[in-house]
Amino acid sequence: MELNSSSRVDSEFRYTLFPIVYSIIFVLGIIANGYVLWVFARLYPSKKLNEIKIFMVNLTVADLLFLITLPLWIVYYSNQGNWFLPKFLCNLAGCLFFINTYCSVAFLGVITYNRFQAVKYPIKTAQATTRKRGIALSLVIWVAIVAAASYFLVMDSTNVVSNKAGSGNITRCFEHYEKGSKPVLIIHICIVLGFFIVFLLILFCNLVIIHTLLRQPVKQQRNAEVRRRALWMVCTVLAVFVICFVPHHMVQLPWTLAELGMWPSSNHQAINDAHQVTLCLLSTNCVLDPVIYCFLTKKFRKHLSEKLNIMRSSQKCSRVTTDTGTEMAIPINHTPVNPIKN
């Protein structure tokens, strides 16, 4: 469908913002999530993965699925929002964006509930056989979200608009809603309401965890360390939601109403600008999610700490070698230096 470019607003700063932000997220996200999968493959045989580690692996896979589409979006925005790639890639990119967003929300939700149970009912949780439940819950989440996202694979994802100069046409990807479409509005209302229901449940669970941990007396240094890590994990999960997901879902409904022509046009540009910024924030969850793993698994922290210590040691040795070479080079011009014997 061809539309006149003057009939819609555009946030031109996104053609600079998205390529920069997405490039950084792509590099950091691939490294961080790839490393997480590699560590899990090395440290944990598949049959020894407990419930929470199963959720973490699935969360990492969801992040990687989105990360592999980022080069497509980088090309799109670098080309001033003109999709010249095959249409099915636009559908695929939109589908994986949806899958990553709501798989991340779902798996962070079940991870939080797992920790909530461990804090409130430690004996019952320790005695429970949770591996099968973790696999079953993961399958339910994937089936439900992939089924919902499959709509993006079959919908008409592209539309043609006039370019800024009016001298030709460009193809947009997932940037067109039919004016006054009530089905589109209902879908977005359901998505936003569903998200905030999950967010409120996560907020409740995390507040209970914080309250319970702070009330417990700390008698040993080890217990203090465990409590500190647990509190950091809770704060990190909440930070991921507040930074990445909440802003987008607060703006999503007003933006949808504006795109459908159901919102005052005087605010359309400001809402569209805010929407672009929240899309950038939404994608940062792929980089922040791996931080959570540091507080959840002892082996992961130990492995990461060992690698960091090796890197520091190698850098220190390199500096010592350089300094020694400098010190020995100075007296050569004056008097011979006896070789150092070990």
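All residue numbers here begin at 1 and follow the chain in the order shown.
Cβ atoms here come from the backbone N, Cα and C positions, even for glycine.
Quick look at what Swiss-Prot annotates:
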TOPO_DOM  1-16  topological domain 'Extracellular'
CARBOHYD  ASN4  N-linked glycosylation site
TRANSMEM  17-38  transmembrane segment
TOPO_DOM  39-54  topological domain 'Cytoplasmic'
TRANSMEM  55-74  transmembrane segment
TOPO_DOM  75-91  topological domain 'Extracellular'
DISULFID  CYS90-CYS173  disulfide bond
TRANSMEM  92-113  transmembrane segment
TOPO_DOM  114-133  topological domain 'Cytoplasmic'
TRANSMEM  134-155  transmembrane segment
TOPO_DOM  156-184  topological domain 'Extracellular'
CARBOHYD  ASN169  N-linked glycosylation site
TRANSMEM  185-205  transmembrane segment
TOPO_DOM  206-233  topological domain 'Cytoplasmic'
TRANSMEM  234-254  transmembrane segment
TOPO_DOM  255-276  topological domain 'Extracellular'
TRANSMEM  277-296  transmembrane segment
TOPO_DOM  297-342  topological domain 'Cytoplasmic'
Practice prompt. For the topological domain 'Extracellular' (75-91), could you work out the same-chain residues 6 or more beyond its ends whose Cβ comes under 8 Å from its Cβ atoms?
Written response: 10, 14-15, 18-19, 22, 152-155, 157-158, 163-164, 170-175
Discussion item. Between the Cα atoms of ASN169 (N-linked glycosylation site) and CYS90 (disulfide bond), what distance do you get, rounded to the nearest Å?
Written reply: 18
Fill in: Overall pLDDT for the topological domain 'Extracellular' (75-91), taken as the rounded mean
95
Worksheet, complete the sentence: CB contacts under 8 angstroms to CYS90 (disulfide bond), restricted to the same chain and 6+ apart in sequence, sorted by sequence, are LEU72, TRP83, SER157, THR158, CYS173, PHE174
Fill in: Listed recorded positions (ASN169, CYS173), ranked by Cβ neighbours within 10 Å, top entry
CYS173
Worksheet item: Does DSSP put CYS173 (disulfide bond) in a helix, in a strand, or in coil?
Response: strand
Discussion item. Tell me whether the transmembrane segment (277-296) sits in contact with the transmembrane segment (185-205), defined here as at least 3 Cβ pairs under 8 Å among residues 6 or more apart in sequence.
Written reply: no
